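A.B. asks: Sharing a structure here in structure tokens format.
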Amino acid sequence: MRVPVKLLGFGFWLFSFNFAQCQECLRENIKYADIVPVEKASYADGETVKVNCVAGYTGLYKLKCEKGEWKKSIERPCAKKKCGHPGDTQNGDFKLTEGTEFVFGATVVYTCKKGYEMASRINQRTCRIQGWDNAVPVCEVVKCPAISTDGEVTVSGNTEEGRYGDVIHFECVSSDKMIDGSSDIQCEETGKWSDVVPNCKDITCIAPVIPNGYVVQPQPEYQKDATLRYKCNETFKPREGIPRCAKFGWTLKPECDEVTCELKSTTFGVKKIKPHGKTIFRVGESVEITCSEKHWFFGSKEDSRSFTCKDNGVWDYEPVCAEITCETPYDQNVYRPYYYFIGDKKLGAITSYRCESGYRQTAAKATCTRDGWTPKPLCAEIVCAAPNIPNAEIDGGQRENYKINSRIQYKCRSGFEPEEPVQITCDSQGQWTGIQQCTKMCAAPNIPNAEIQRGHQRPNYRINSRIQYKCHPGFEPEQPFHITCDSQAQWTGIQQCTKMPKLCLELFLENGFIYSHPSNKEEIFYSCKTGYKPFTGNWWDSVTCRKGSQFDEPRCIREEECGALPSVHHGKLTLTLHDPETADVECDPGYMSTDRSIKCTNGRWKKPVCKEVVRCGIPPNVENAVITSKPEEFYPDGSNLTYVCRSLYLISGESTVSCRNGTWEKTPTCQETKCNANLSENMRSDEHWGSEVSVRPGQTITLSCVGKGYTLQGQREITCQSNGEWSSAIPKCEETKCNANLSENMRSDEHWGSEVSVRPGQTITLSCVGRGYTLQGQEKITCQSNGEWSSAIPKCEETKCNANLSENMRSDEHRGSEVSVRPGETITLSCVGRGYTLQGQEKITCQPHGEWSSPFPKCEGQTTSCGPPPDVNDADTIELKKDEYNTGERVVYGCFNKYILDLSPSFSRYLTCEQGEWRGNIKCLSQTTSCGPPPDVNDADTIELKKDEYNTGERVEYNCFNKYTLDLRPPLSRYLTCEQGEWRGNIRCLKPCTVTVEEMDRRGIELAYANRQKMFAPHSDHITFMCKRGKVSVAVRELRQQCNDGVMTLPECVRRGE
């Protein structure tokens, strides 16, 4: 029994021993990388062990043995220890030999930049357990030997101790010499100068080799100021300007460019181009373009055509599909077409309009079609039909119709009145004014044995005319009678003159004899015997038998007696009462005799003469004028009178007239005051049509040039003044040119001399001549279409190197913070203040082009640490942020999902701690590159229909609503551009101004050129007002005002005396 018991106990012990052994954890089961093996080979259940990383690694494992397995309580995997940034070397760089991180075992190898050499013996650093070994290597600049020249050559630059990159500039002392060799040499990375020191020689040039061209009459050598003549091969053209041999070689590089034509517009309005995608064409090549539905080729108005590149580099026709528009109808007699047709002129546009005076509208509105504005014509001339005047004949023949203000003259036929020619005028309504109908007249009456009592008989007499007749002696009735021309052109009241029966007694004549004809006993002729004469004074006379059988008494008187008084034209004689042989002379009004009386002498009366007095009557009437003296019935010969015109009229001719020989000299006329202008063929007025302009005082005309290449020289707006003169000289349209007067130290590669004048489109290249000058401004400037340069003309200013020193830096040669030195001068810099050291070259030299010989140094303070790096939009640091960073440490950022880093030159992927501040720029860009529909803009809309999506780089063009004006002043534009999912750009529309009748009435003004209820003026446009009748301007504001973004300040007029 004891033996089995013992066996059983031994078995239990053996089982317990094996079971316990199976619960242990073995060292060989710890299989982490880069760890130090634990001390024991096995560990009992429940036992804990700490596992360390090998040297150079960081991390920790804490394991516990549980039922034969290792359980982790702490796990920090072993990783190579980080060393941080190895340190930058100035003028050098470094590269990791392997890997991408600065960790244990990593090695960085330093190299110097070009022009610098390694001054340190060891050029690498390795990350050890204690950190980086060795010191940061040092790179020193490569130096070149000193420079020396002879007396003919001047030198500028660091000649004593040239460093890499330093440039030495050579010039000849004499202006007639040129450098034989390189005028600039540079210190190269090898420590040698790029060329030998040059000498001076006479200025010469050699004929260059010209690709695609050749020199005309080449010479072995060209002297100073000689010009080079060259020609280009066919289909090539020479560069503008004439090359001239100068100190620096040819002033203009002779080149031959292939003649080509560029197809600039390939999308706008284009439906198809053949060949597709080609934009540059050689001479003779053609392109076929088809425009879209609403576009055509301006001028020819074709939809499709072929264009050929000519040998002068110009297309035979402009290959641009222009939107179908209608031109402003300046030549269709439309009133103010620039106003009515200022808006939409695209195909299908409809606008109202008015016609000029003398024309009528053919429709209420005009429509833009492919054939221009319809209806055609827009305005029909108002004419008068040929007048129908019975019994009249028009002078010069009759036409079918006559223009407004035409005047024609007609005469009534014989027997009709008026007898004088009649002038009639075609008025503005197409009606004749001044017509007088031709009415029939009475023919001259034929009454035998009668004569008109007063006046002379005319061929014809008007209706209601009366004539007094009297029968001849011996006929009755003896009393005068009247006849009248009645409404039927017949004479009424005519009486016939019948012969009276006569019984005449026999006559006895003392001292004379008588004779009567057998067929006419009523008339007796008689004469007197010797020593006697008839009483009338003639040597014979006659008497006639009168009614009542009486003869006029014949008388014979002695020869020494005077007898009857003589007849006096325009006067009469009367015998004086006291002397029968004396008679007084009395002349008719307007006549005068030199004799107041006459006497009978030797039987004869002296014959008096009444002469017409020389004098003038009332002076001629001049319309719109008065005479500055009271009126008189008559004016003696030599009298002077002065005419004066009414307001707004000017006298034409001499204002003072004289009475000469009974006639007034040529009288003046009063012409309405007007200002006249005869415009040249390339000038037009916005308010008038044609070349002749005539306006009243107070009116203003706006002038502009038409045709490409002309610029207005003078005032654009001129006003007619009260004296008929313009407010300023009428401007001229002169060929557009850009002019420049170059300073003595500036030259143009394309021109000779200081004065430059080029046409629009031409470019000039400017440079400075002479030592020590630098061009300030654009090297190339182009003449624009308005006669202005594309940028300001640059200046040649003395070359200087400038520096603004920080407060902890000083220059040994200068006082203060601002330093300015000439090329060749050297400054020595140092830091002031405790804790600052100079980072960079101590001595730097001003180079010939105004740049320092090396980067400008900085004064940096003691190393300070930075706090946690800043937050960046849409990004975060790759590693966990620390509370403190040393100078030189960098943190790398990464962008959030759907964003990428902007790695353009201005940005980076990390920030660097420098002297307590984080330096660098980080930006994350959205990977969403498309944009949605463009935004709405006040008072504007897109030209094309909006799409739902736009790609980056696409842009949309906006156009302002009617009467609004697009503001194109920078930074404003007509476009918005899609950039990385956002619309960029600024658009603004300037508002028009509205003027109403109510506003004008309140200020006592009205429009100067039209009578309208309402008027719009776009931004910058002008409106001219005038005072209402009886009012005057208060002169606070001008009567011509300009619209400025919806605001117009109206002038004011008040009643006279207010």
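Yeah, the Cβs are placed from backbone N, Cα and C, and that goes for glycine too.
Below, the features straight out of TrEMBL:
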- C112-C139: disulfide bond (DISULFID)
- C144-C187: disulfide bond (DISULFID)
- C442-C485: disulfide bond (DISULFID)
- C616-C659: disulfide bond (DISULFID)
- 81-141: domain 'Sushi' (DOMAIN)
- 142-202: domain 'Sushi' (DOMAIN)
- 259-323: domain 'Sushi' (DOMAIN)
- 324-381: domain 'Sushi' (DOMAIN)
- 382-440: domain 'Sushi' (DOMAIN)
- 441-499: domain 'Sushi' (DOMAIN)
- 560-612: domain 'Sushi' (DOMAIN)
- 614-672: domain 'Sushi' (DOMAIN)
- 673-735: domain 'Sushi' (DOMAIN)
- 736-798: domain 'Sushi' (DOMAIN)
- 799-861: domain 'Sushi' (DOMAIN)
- 929-991: domain 'Sushi' (DOMAIN)
- 1-22: signal peptide (SIGNAL)
A.B. asks: Is it true that the domain 'Sushi' (673-735) and the domain 'Sushi' (324-381) have 3 or more CB pairs under 8 Å, sequence gap of 6 or more?
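C.D. replies: Counting Cβ pairs under 8 Å (6 or more apart in sequence), the domain 'Sushi' (673-735) reaches the domain 'Sushi' (324-381), since there are 3 or more.
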A.B. asks: What is the number of residues in the domain 'Sushi' (324-381) that are helix, strand and coil, as DSSP sees it?
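C.D. replies: Counting residues by DSSP class gives 4 helix, 21 strand, 33 coil.
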A.B. asks: Please list, for the domain 'Sushi' (929-991), how many residues fall into helix, strand and coil according to DSSP.
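C.D. replies: The counts are 0 helix, 24 strand, 39 coil.
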A.B. asks: Compare the Cα of C485 (disulfide bond) against each of the disulfide-bonded residues C139, C144, C187, C616 and report the nearest.
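C.D. replies: It is C616, whose Cα lies nearest.
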A.B. asks: Would you mind reading off the Cα separation of C144 (disulfide bond) from C616 (disulfide bond), to the nearest angstrom?
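C.D. replies: Here the two Cα atoms lie 113 Å apart.
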A.B. asks: Give the one range among 142-202, 259-323, 382-440, 614-672 whose Cβ atoms make the most pairs under 8 Å with those of the domain 'Sushi' (799-861).
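C.D. replies: Out of the listed stretches, 142-202 contacts the domain 'Sushi' (799-861) most.
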A.B. asks: Between C187 (disulfide bond) and C139 (disulfide bond), what C-alpha distance do you get in Å?
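C.D. replies: Approximately 17 Å lies between the Cα of C187 (disulfide bond) and that of C139 (disulfide bond).
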A.B. asks: Spatially, and counting Cα to Cα, which of the disulfide-bonded residues is closest to C139 (disulfide bond)? Options: C442, C616, C659.
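C.D. replies: Result for C139 (disulfide bond): the nearest of the disulfide-bonded residues is C659.
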A.B. asks: Do at least three CB pairs under 8 A connect the domain 'Sushi' (142-202) and the domain 'Sushi' (736-798), leaving out pairs fewer than 6 apart in sequence?
C.D. replies: yes
A.B. asks: What is the interatomic distance between the Cα atoms of C112 (disulfide bond) and C659 (disulfide bond), given in whole Å?
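C.D. replies: The Cα atom of C112 (disulfide bond) is 113 Å away from the Cα atom of C659 (disulfide bond).
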A.B. asks: How many neighbouring Cβ atoms, not counting its own, are there within 10 Å of the Cβ of C144 (disulfide bond)?
C.D. replies: 22
